[in-house]
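Colleague: Marked as compositional bias 'Basic residues' by TrEMBL: 1-10. The compositional bias 'Basic and acidic residues' feature in TrEMBL is assigned to 21-30. For 1-30, the entry in TrEMBL reads region 'Disordered'. Per TrEMBL, the feature transmembrane segment maps to 41-66, 179-197, 217-235, 242-258, 264-281, 312-329, 341-362, 416-442, 521-540.
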Amino acid sequence: MTTVRQRRVGKGTEAAEDQPSEEKNVKPDGKVLSDHTGRKLWNILSVTVGGIVAVCLGLLTSVYVATLHENDLWFSNIKEVEREISFRTECGLYYSYYKQMIQAASIQQGLHGLVYDNKTESVRTINILERMNVYQEVFLSILYRILPIQQYLEPVYFYIYTLFGLQAVYVIALYVTSWLLSGTWLSGLLAACWYVTNRVDTTRVEFTIPLRENWALPFFAVQIAAITYLLRTHLQPIQERLTLMAVFIATFLFSLTWQFNQFMMLIQALALFILDCFDMLPTAKVTWLYIIQVSGLLLVCVLQFFNSMILGSLLISFNASVLIARTIQKNLKKGSLLTRLGKLILHVLLVLCLTLLINKFIKKILNLESDEHIFKFLKAKFGFGATRDFDANLYLCEEAFGLLPLNTFSRLSDTLLFYIYVFVLFLMTVAAVIVAFQNLSGSSQVRCMEKMEECTITLKPDAAYNLTHTVLFGCLALSTMRMKYLWTSHMCVFASFGLCSTEVWKLLLKCVRLHTAQRTRLIKYSVPIITLLYISYKFWPGIMDELSELREFYDPDTVELMNWIKSNTPNTAVFAGSMQLLAGVKLCTGRTLTNHPHYEDKNLRERTKQIYQIYAKRSPEDVYGILRSFGTDYVILEDSICYERRHSRGCRLRDLLDVANGHIMDGLGENEPELKPSLYPRFCEEIKKNLPSYTAHFTRVFQNKTFHVYKLAKHK
């Protein structure tokens with residue numbers, strides 16, 4: 001953390017205030033020992049109280065989000081099919097595997113059904129444990145089967161209560177990280193309060209329960225807390241080993257539960273790389289963290305039956321490149337300012353080139369194309385050329401993958417979080433730039449924390465890491481709204497740490513020549529307490545109103561559809577439709593799907609694009625041929641997609657399909673000159689007219705205000 005230190009030129013008053021001399025405490029009656037014992041007892045009491053507050057806040061947060069979920073859906077009162085429908089899109093797909101494991105005749109049979117699954121993708125047998133991060137569902141289902149709780153707790157409640165319980169772990173980890181950085185648990189209390197009062201922007205667990213990030217982010221927060229502790233100075237060897245073990249376990253669990261783990265840890269590795277280049281972290285600890293990241297990811301790779309997407313991840317290539325480049329450039333941190341800058345530029349270029357070469361080589365060997373849609377999306381998003389690629393445009397048109405909306409900052413400012421965050425971020429960034437320059441020029445001795453006395457401004461390794469972490473994840477959140485939850489939760493930690501930091505207030509007071517130890521201590525505690533009182537006064541009534549507001553789940557059209565499918569179609573029937581709806585079909589009815597929302601597979605992406613021709617301008621013969629090639633028995637058409645108005649022209653699903661097919665889009669507006677009119681009308685509209693060319697292949701068997709189900713003829 002930033003701090004101003006006076007050079008030791010004697011026993012002046014300022015020095016005496018900052019670092020009391022031992023002679024002051026020495027008294028003839030042996031008071032030194034009693035003072036030391038008193039301080040020790042006070043520290044034990046403080047840690048105990050702080051720990052109890054952390055656990056209580058974590059549990060209260062769990063109860064809070066669980067109550068919001070119950071109040072919003074009346075979950076305890078609705079039917080099972082309505083509960084399952086409430087798990088929208090990919091959430092329903094993940095929960096279906098938990099349900100499948102619960103309903104299996106035995107654990108072995110359940111696992112066999114996942115490893116040799118032929119119901120998630122028709123005419124294909126896939127390994128669910130390889131393709132998807134569902135080990136948490138497997139573990140939870142096994143736990144439910146072996147614990148004597150079946151008579152007291154329904155499977156769905158065991159599942160959602162586990163997720164809500166993880167919110168307690170999440171809040172406690174944020175609390176502990178802030179406490180470790182600032183040295184006072186008051187900082188953790190403030191971080192937890194900000195997390196709750198900014199719930200709209202810090203979590204979405206209450207309405208997207210099975211989403212992978214809700215499993216992963218609590219473990220990521222634990223990992224950050226463990227790294228923060230690891231980067232402290234003067235750790236005993238046993239403390240360091242135990243902390244490294246904690247970092248590894250948290251990293252492994254985070255990697256196991258989220259398919260985007262590699263990208264999040266790549267950003268984390270970049271933070272470590274930047275700080276190591278500027279000599280702001282101990283190199284040995286950074287090396288251990290690189291190794292832990294790769295080890296955790298490789299262990300997950302083994303558990304996921306050597307998933308090629310993990311082996312071809314940029315994280316493995318980057319970490320390997322850093323370690324190789326460091327071996328080649330042994331004297332990287334020696335020399336004058338210009339010499340070190342030159343070495344640093346060469347080092348960065350070497351790491352970059354090695355990363356690209358290693359990654360390209362691995363992907364060539366493994367013939368890996370599973371993640372190409374992500375790079376196409378990034379290329380188009382950041383303006384490196386327009387694209388007609390259907391998958392890339394599908395992401396670009398989703399609000400969740402757009403820029404962070406400006407109203408996010410107004411909400412965060414209402415709780416004072418954003419203002420304080422920017423204030424602390426500015427001070428810390430200035431300090432980091434100064435320290436980095438000093439380290440490169442060799443004009444100070446901040447490389448070892450033992451020599452900080454001779455340094456004007458210092459930055460502790462744990463604070464330096466959290467600063468870089470928040471900046472990089474802030475950039476990610478600004479560019480992609482869906483990733484804001486990684487930033488906003490850490491924003492609570494970082495802002496509360498700065499507000500409760502002795503070093504921050506000492507620096508400010510010394511700048512205005514008002515510093516005394518007593519004044520610093522007074523401000524350090526009074527400002528956070530005033531902030532907490534303000535938050536309580538302004539937001540407590542709103543939280544109480546929110547908890548008293550009662551609503552009920554209501555989606556009769558989808559319920560009617562699912563009940564009809566269960567009652568009127570064979571168990572072996574194959575259904576085609578939108579990814580989001582089919583996830584619910586699998587969960588509620590157990591029928592076989594043609595496609596689903598887990599998009600990290602090239603063959604599935606191509607299959608989904610083909611299935612979606614039901615919303616394009618194609619002939620009935622073409623659509624029928626496509627659907628039958630995937631073994632389809634029934635196709636579900638949704639008016640909300642066929643006549644979509646949620647997106648503007650150019651981002652509607654039918655527009656994306658038209659562009660990908662080379663056809664002119666519907667409606668007024670410009671079209672690319674290469675696009676041509678289609679020879680056929682839009683399939684989803686024309687089929688409802690019951691023309692002979694359509695009824696020869698499709699027979700309508702179900703209809704309500706939202707859905708139309710057609711049975712495909714089985715021509716010889």
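Cβ coordinates come from backbone N, Cα and C, glycine included.
Here the structure is a predicted model, which means the values were calculated and not measured.
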Colleague: By Cβ distance under 8 Å, which residues at least 6 away from the ends of the transmembrane segment (521-540) in the same chain are close to it?
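Modeller: For the transmembrane segment (521-540), the list is 184, 186-187, 189-190, 193-194, 197, 414-416, 420, 496, 499-502, 505, 509.
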Colleague: Near the transmembrane segment (264-281), which residues from the same chain, at least 6 beyond its ends, have a CB less than 8 A from one of its CBs?
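Modeller: Non-local partners: 220, 231, 251, 254-255, 258, 289-290, 293, 297, 313-315, 318-319, 322, 333, 344, 347-348, 351, 432, 435-436, 439-440, 447, 459, 461, 464-465, 468-469, 472-473, 476, 486.
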Colleague: Tell me whether the transmembrane segment (242-258) sits in contact with the transmembrane segment (312-329), defined here as at least 3 Cβ pairs under 8 Å among residues 6 or more apart in sequence.
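Modeller: Taking Cβ pairs at least 6 residues apart, the transmembrane segment (312-329) and the transmembrane segment (242-258) are not in contact, as fewer than 3 fall under 8 Å.
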